[in-house]
């Protein structure tokens, strides 16, 4: 059982996933700090010194902190846009690599076709008497 677990845990995609989760968590903290400590205070300043983190209203005994919700939405938008940019870049690189591979295959195919024609001509010359 231990060997099975070790084989499972050491598979490349599991390790990649673990690394992605750790980096993603750290990136999330950076974005949260960016939004809470830099972007939202600047937006609040532009809106007349409004502090979004303190925006709330009470409904009976319940306190609805919609300012915190707004900050979370901004976090989400920044993270989503960042992921979009990374995926877009990776897809572009992948398409470029595939195009290069296709071009290389076409070059090999053209070369192969030329070699076949030469072979056929040589066979034809060998069969025909001089």
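The backbone N, Cα and C atoms fix where each Cβ goes, glycine too.
The range from 15-43, 102-130 that Swiss-Prot describes as transmembrane segment is residues 15-43. Remote same-chain residues near the topological domain 'Extracellular' (44-65) are listed as 36, 71 (criterion: CB distance under 8 Å, separation of at least six residues from the stretch ends).
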